[in-house]
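Novice: The structure follows.
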Amino acid sequence: MKHLLCALALLLSASLQAVEMQENPALKPLFEAVQVRGTFVLHDVANGTFSGHDRQRAQIRFVPASTFKIANSLIGLASGAVGSVDEIFPYDGKPRYLKTWERDMGLREAIKLSNVPVYQELARRIGLPRMQAQVAALGYGNGQVGAVVDRFWLDGPLAISAIEQSQFLARLAQDQLPFAPGVQAQVREISLLEQGPGWKLYGKTGWATAVEPDVGWWVGWLEQDGRLYSFALNMPIGSEQDLPRRIELGKASLRAFGLL
């Protein structure tokens with residue numbers, strides 16, 4: 001079984017790297033206006049095309065930080081480490097980085113608040129052997145979880161590129177991951193950010209602070225007028241004041257493609 005998972009991971013990794021991405025010149029002024037050297041990838045799933053800004057950076061792998069909460073949720077539900085997205089994780093009473101994390105909550109709320117301790121507890125419940133096997137089965141980035149089950153997506157060694165993020169999320173949006181449809185449906189549900197007439201926007205932010213410079217992420221997918229687009233943005237983060245730019249630049253990039 002282990003050999004089968006390794007072979008699957010190698011096949012997925014090869015397919016993820018065999019991607020041609022076209023530069024969209026409409027995006028360059030958006031990044032230059034705020035002096036950000038980031039990347040944005042849009043995957044038009046029906047056409048199988050990839051386009052965006054900074055093709056070179058789009059292929060570089062970075063620590064996924066809290067964007068891994070999507071995969072962590074999938075693995076937790078599929079493995080039985082958590083029964084549903086509404087199962088409560090008790091708060092242990094210790095001070096947290098954010099006051100909003102200092103209460104009991106399930107994954108439905110924890111993913112919205114990006115509650116790191118809840119997802120660290122979920123990873124510990126999953127355990128290192130199962131986590132390693134499932135990350136490999138997903139073909140997620142470099143597939144490396146290392147030896148610390150509750151830190152690998154924050155500090156490394158796990159790393160993933162913007163192109164790989166867009167491909168992973170396109171598979172989730174289409175029910176094509178190696179998990180039960182009900183598991184994927186629950187994670188799609190809790191990943192919904194906004195919706196309007198004819199469209200639904202799903203996604204997750206991330207902020208990797210264990211690298212220099214920090215890296216900010218916004219990844220997700222958009223269902224609009226019967227079509228599916230997955231996307232990923234990453235950019236350097238100099239301070240907390242830069243964090244809102246992840247979604248701002250991401251939405252501006254989507255609009256530059258005539259979306260939203």
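Even glycines carry a Cβ here, placed using N, Cα and C.
Pulled the feature table from TrEMBL, pasting it below:
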{"type": "SIGNAL", "residues": "1-18", "note": "signal peptide"}
{"type": "DOMAIN", "residues": "52-236", "note": "domain 'Penicillin-binding protein transpeptidase'"}
{"type": "ACT_SITE", "residues": "Ser66", "note": "active site, acyl-ester intermediate"}
{"type": "MOD_RES", "residues": "Lys69", "note": "N6-carboxylysine"}
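Mind mapping these onto the model and telling me what they sit next to?
Specialist: The number of other CB atoms found within 10 A of the CB of Ser66 (active site, acyl-ester intermediate), across every protein chain shown, is 20.
In the three-state DSSP scheme, Lys69 (N6-carboxylysine) is classed as helix. Around the Cβ of Lys69 (N6-carboxylysine), the same chain contributes Ala110, Ile111, Ser114, Tyr119, Lys204, each under 8 angstroms and 6 or more positions distant in sequence.
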